Amino acid sequence: MLYIIGLGLGDDKDITLKGLEAVKKCSKVYMEAYTSLLSFGLSSNGLSNLENLYGRSITLADREMVEEKADEILNEAKSSDVAFLVVGDPFGATTHTDLVVRAKKLDVDVKVIHNASVMNAVGVCGLQLYHYGETVSIPFFTETWRPDSFYEKIRENRKLGLHTLCLLDIRVKEPTIESLCRGKKQYEPPRFMTVNTAIEQLLEVEEARGESVYGENTICVGFARLGSEDQKVVAGSMKQLLTIDFGPPLHCLVIVGKTHPVEEEMLEFYGL
């Protein structure tokens with residue numbers, strides 16, 4: 001059996017009882033280490049805490065292992081119980097959907113154990129989840145690559161009065177362009193986009209496109225470390241949020257659409 005187990009957002013104790021029971025009976029445990037990370041993932045002793053709590057040795061699975069060597073993991077699951085741990089919910093990233101498809105094709109049994117995800121944890125700010133439109137990703141801009149396909153999606157959401165969740169770029173174990181050209185991979189240091197950088201890039205795109213989809217006075221909500229004890233939630237205009245230090249990662253941003261009075265009342269608690 002292949003168990004795909006959501007770990008939640010905060011720390012090693014956010015796993016569900018059902019998930020913990022599954023981990024304890026697995027002979028091999030992998031943990032994805034590229035689409036997101038728990039708060040303990042930033043500390044030197046994070047993985048050992050996880051191993052101590054779960055009572056199992058854990059193999060970190062980076063993007064290359066999961067996308068290029070998935071068959072090795074699946075072959076192990078044919079003859080023994082294997083756990084694949086995912087930060088948040090198992091289907092918060094398309095790679096994990098691909099893992100299930102590949103398992104089914106190899107006749108490997110799969111059991112999914114869900115958990116909290118950023119997709120529902122943003123509800124803490126009071127904006128109703130069914131008032132959200134399409135979620136967008138904001139990638140880091142480079143000198144030669146400044147994609148803005150998210151702009152049209154935000155525009156359509158705002159036309160309908162819907163809120164927009166912006167997931168911010170995470171760069172973990174990304175090969176450098178130079179190393180790819182040489183054929184020997186070297187990796188960039190990890191980078192995590194802040195709310196501030198996201199707003200700067202959003203405003204740059206608005207200035208270039210000039211369609212008045214949003215602006216520096218548009219109300220947004222910035223989030224940091226959702227689900228953790230020290231989570232930070234601040235509501236204000238884009239201009240105001242640029243002045244806020246949201247602290248360590250992970251960050252995300254919501255561009256607020258048309259609001260209900262109850263939503264407005266909740267947002268006031270997080271206003272500057």
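In case you wondered, yes, glycine gets a Cβ from its N, Cα and C as well.
Within 10 Å of the C-beta of Asp89 (S-adenosyl-L-methionine binding site) there are 22 other C-beta atoms, taking all protein chains into account. If you look up TrEMBL, you'll see Leu9, Asp89, Gly92, Ser117, Val118, Leu168, Leu226, His251 marked as S-adenosyl-L-methionine binding site.
As annotated by TrEMBL, domain 'Tetrapyrrole methylase' applies to 1-241.
Around Gly92 (S-adenosyl-L-methionine binding site), taking its Cβ as the centre, 20 other Cβ atoms fall within 10 Å, counting all chains. Mean pLDDT, taken over the domain 'Tetrapyrrole methylase' (1-241), works out to 89 on the 0 to 100 scale.
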